[in-house]
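Novice: Structure provided below as C-alpha cells; questions to follow.
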Amino acid sequence: KIAVERDPVKTSFEKWAQPGHFSRTLAKGPSTTTWIWNLHADAHDFDSHTNDLEDISRKVFSAHFGQLAIIFIWLSGMYFHGARFSNYEAWLSDPTHVKPSAQVVWPIVGQEILNGDVGGGFQGIQITSGFFQIWRASGITSELQLYSTAIGGLIFAALMLFAGWFHYHKAAPKLTWFQDVESMLNHHLAGLLGLGSLSWAGHQVHVSLPINQLLDAGVDAKEIPLPHEFILNRDLMTQLYPSFAKGLTPFFTLNWSEYSDFSTFRGGLNPVTGGLWLTDTVHHHLAIAVLFLIAGHMYRTNWGIGHSLKEILEAHKGPFTGEGHKGLYEIFTTSWHAQLALNLAMLGSLTIIVAHHMYSMPPYPYLATDYGTQLSLFTHHMWIGGFLVVGAAAHAAIFMVRDYDPTTQYNNLLDRVLRHRDAIISHLNWACIFLGFHSFGLYIHNDTMSALGRPQDMFSDTAIQLQPVFAQWVQNTHAVAPFSTAPNAAASTSLTWGGIDLVAVGGKVALLPIPLGTADFLVHHIHAFTIHVTVLILLKGVLFARSSRLIPDKANLGFRFPCDGPGRGGTCQVSAWDHVFLGLFWMYNAISVVIFHFSWKMQSDVWGSVSDQKIVTHITGGNFAQSSITINGWLRDFLWAQASQVIQSYGSSLSAYGLLFLGAHFVWAFSLMFLFSGRGYWQELIESIVWAHNKLKVAPAIQPRALSIVQGRAE
C-alpha cells in the first residue's frame, strides 16, 4: 500500500534563494569564511537540518531523482558529442584503423600535439571511454540515432527533475513506505533488475543482433535496415535467424534449442570483433531476467507467503555468536547511513569485479584491441570501486556516531564486535606488519641478490620458484571446462584461463592466455598488504567512532572534529572523518599498485602485434616475469621506461598530454603535503597495540605516546 502525504512542503523560490536556509546558524549570513565551508558541507547533510526521520527520508528520496536527472543530462551530453563532434560513422566503417574521437579541439591548438592523426579526416582528441564500442554493440549505425537518444536523455532528465519536486512538495511518501523492505526488494529485484534485463535482452535480440551480424559481415552501415524495420518485418529477421519463422511455437512446446541461432552458449570471443559473442550476451541477459523475476517474488507482502527479513535476521544465530543478527533489522530500517554503508560495500566490491571482467571478457566489439580504452576502463572501475568501499566505511562511522543506540544492542553481533574491537584491530595490525615486511622483504632479497650478481639465489621463474599454484589450478580448471564440466560450450568463459587460443583483430592481439608466475605471486602479496592496511584504517575508524581510550567521549564530539581542545595534546586528526581521509590515502596506494601491475602485465604478456605467421610481438617484449621481481626493475623497466615517453613528449604529437601529466603531478604533490600531517590517529592505534601487549603480559613500564603536533613538526 502506498501511503503519501499531500502538499507537505510549500514550493518557495524566495526561501531557496536565501543561502543557508536549511540551517538556523548559516541563515544569519557570513561572519568568517568558515560560513562558506559549512554551506558546502551541510547543504546535503540532511541529518543536520532536522531530526525527523520521515522528512530526512523524503529529502534523500527526492535528491535521488535530482541525481538521476544529472546522470541523464551527462549521458545526453555524451550522446550529443557522439552525434555532433565525433568521427563515429568513420570509425564504424573502419574500426581497426580509425581512432575514436568525440572531442573537437580549437584549431589554435592543432592536431599535431594531440595524438597526431585520429583518422576519418577528423580533428580532435582520441577518446578512451569505450562509448563507440558500446554504441556499436547496441546497434547504433548513424549520428542521427545518437541525436535522437541525446534528446531522449534530456526528456528523461526533465521527468526526473519533475519527479524529485513532485515527491517532496506534492505527494511525499510516508515513513512506513520507506521502511517496507519486503515490498522494496520485490519491486527492485523484479522490476529494475528483472524487467530491466528482459527489456535489454529484447533490444539485443531484435535490434543489436541483426545490425551487428551485418556489420561483422562487412555491410556498409548506411545500407543496413533501420532498427524499426527489424522489429516490424519478420522476414528480414528470418533471413539472418531462421528460427524467427517459427515464432513462439518452440517456446510453448519447450523446444527451446530451436532458438540456438540467436541465443547461444559458445564461450570465447568473436574472431571478427574481439568481443564476446553477442548471442552469448543475449542468453546471459535473458537468464539474469528469469533469475531476478523469480527473486522478486520471494518476499512476504500482502499475501502471507514468502520471506520476512526480520525473521531471517533474528533466526540467524550460531552457537558462538550470542543474539546473532537480532536488532539489525531495526538498524537498517531506521538508519539510512547503515543501509548505505552496506550497499556501498557490496557495490564497491562488484565494481572492482567488473574492472576485472572488462579485459578478461571484453563485452563490446573492437574493445579488446583498443588498448588505451582497456586501460582507462580498468582504471576507472578500480577507482570507482575504491571510492565506494571507502564510502562504506565513512557511512558506517557516521551510523556509529549519529544513529547507533548502545542500549538497544545487547550481545548481538554488532555489540560483540565492538566489545572485542581491540583484539580485532591488534590482530589486523599484526597481519599488516607481517604482510608488509614479508612481501616487501621478498623484493629486497631479490634486489640484493641481483646487486651481488647471484641470479641463481633470486625468487624467480628461473631460480627459486614461488609459483602461484592455487591460482594456476583455478585457471586450469576453467581452461579445461569446455570438454569436461561444460560439454556444450565451444570455448572457456575467458581466453585468459589458458589453452592455445589467440584472438587477433586487425593484426593486434585482442586476448590470449595469461600466464601467472613468481612475479605475479610477489606483487599479489603487495596487493594483500595494501588492501589490509586500508581495511585496518577504515575498520579502526568505524570501531572507535564513538569512543577510544584516548577520547572516551568521542560520540559527543561528532563525526568530524579538529582536536579535543588545547588541554589534550595529540588528539588532532583522530575523528572518524580523519580515518576516512587516511583510508582514502591508502586506497590510492592500493589502487596504484593494482594499476601498475595491470598496465605492465598486459603490455608485457598480452597486448602486441601479430604477424601473418601468427608470431606475437608484445609491447614491452614479455619483460614482466624477469623485471618486476625487483624494486629496481619496477623503477627502471616500468616507471622510468613508461614515464620517459611522457616526459620527452614535448616535441611529439603527445605534448599536450605531457603538460597535463606534469600539472597533475603538481596538484598531487601539493595535496600530499596536507595529508602527511596526521598525528592523533597514531595514538589510538598505539592504544590497541598496548592492549595486546598487556594481554600477553609483555607491556613496557613506560607508556608509548605518539608525537604531538608541535613535537612532530618538521621545523
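Glycine is treated like the rest: Cβ placed from N, Cα and C.
Owing to the predicted nature of the structure, the values given are computational and were not obtained by experimental measurement.
Pulled these features from Swiss-Prot for this protein:
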TRANSMEM  60-83  transmembrane segment
TRANSMEM  146-169  transmembrane segment
TRANSMEM  185-209  transmembrane segment
TRANSMEM  281-299  transmembrane segment
TRANSMEM  336-359  transmembrane segment
TRANSMEM  375-401  transmembrane segment
TRANSMEM  423-445  transmembrane segment
TRANSMEM  521-539  transmembrane segment
BINDING   Cys563, Cys572  [4Fe-4S] cluster binding site
TRANSMEM  579-600  transmembrane segment
TRANSMEM  654-676  transmembrane segment
BINDING   His665  chlorophyll a' binding site
BINDING   Met673, Tyr681  chlorophyll a binding site
BINDING   Trp682  phylloquinone binding site
Novice: To the nearest whole angstrom, what is the C-alpha distance linking Cys563 ([4Fe-4S] cluster binding site) and Met673 (chlorophyll a binding site)?
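Specialist: Rounded to the nearest whole number, the Cα-Cα distance is 19 Å.
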Novice: Measuring Cα to Cα, tell me the gap between Met673 (chlorophyll a binding site) and Cys572 ([4Fe-4S] cluster binding site) in whole angstrom.
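Specialist: That comes out at 17 Å between the alpha carbons.
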Novice: Taking a Cβ cut-off under 8 Å, which residues six or more beyond the ends of the transmembrane segment (521-539) line up next to it in the same chain?
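Specialist: Apart from its flanks, the transmembrane segment (521-539) reaches 389-390, 393, 424-425, 428-429, 431-432, 435-436, 438-440, 442-443, 459, 466-468, 471, 579-580, 582-583, 586-587, 589-590, 593-594, 597, 628-629.
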Novice: Given a Cβ distance threshold of under 8 angstroms, which distant residues of the chain, six or more beyond its ends, lie next to the transmembrane segment (281-299)?
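Specialist: Contacts of the transmembrane segment (281-299) (Cβ under 8 Å, skipping residues fewer than 6 from its ends): 181-183, 185-191, 193-195, 197-198, 200-201, 204-205, 209, 262-265, 306-309, 363.
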Novice: Provide the number of Cβ atoms within 10 Å of the Cβ of His665 (chlorophyll a' binding site), excluding the reference atom itself.
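Specialist: Neighbour count, Cβ to Cβ under the 10 Å cut-off: 11.
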Novice: Mind checking which residues reach the transmembrane segment (579-600)? Cβ under 8 Å, same chain, six or more beyond either end.
Specialist: 359, 375, 378-379, 382-383, 386-387, 389-390, 393-394, 397, 520, 523, 526-527, 530-531, 533-534, 537-538, 540-542, 573, 620, 624, 628, 634, 638-639, 642, 675, 678, 681
Novice: Around the C-beta of Cys563 ([4Fe-4S] cluster binding site), how many further C-beta atoms are within 10 angstroms, looking at every protein chain?
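Specialist: Result for Cys563 ([4Fe-4S] cluster binding site): 18 neighbouring Cβ atoms inside 10 Å.
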Novice: Highest Cβ count within 10 Å among the binding-site residues Cys572, Met673: which residue is it?
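Specialist: Highest number of other Cβ atoms within 10 Å: Cys572.
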Novice: Just to verify a number: CA distance, Cys572 ([4Fe-4S] cluster binding site) to His665 (chlorophyll a' binding site), in angstrom, no decimals.
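Specialist: So the alpha carbons of Cys572 ([4Fe-4S] cluster binding site) and His665 (chlorophyll a' binding site) sit roughly 28 Å from each other.
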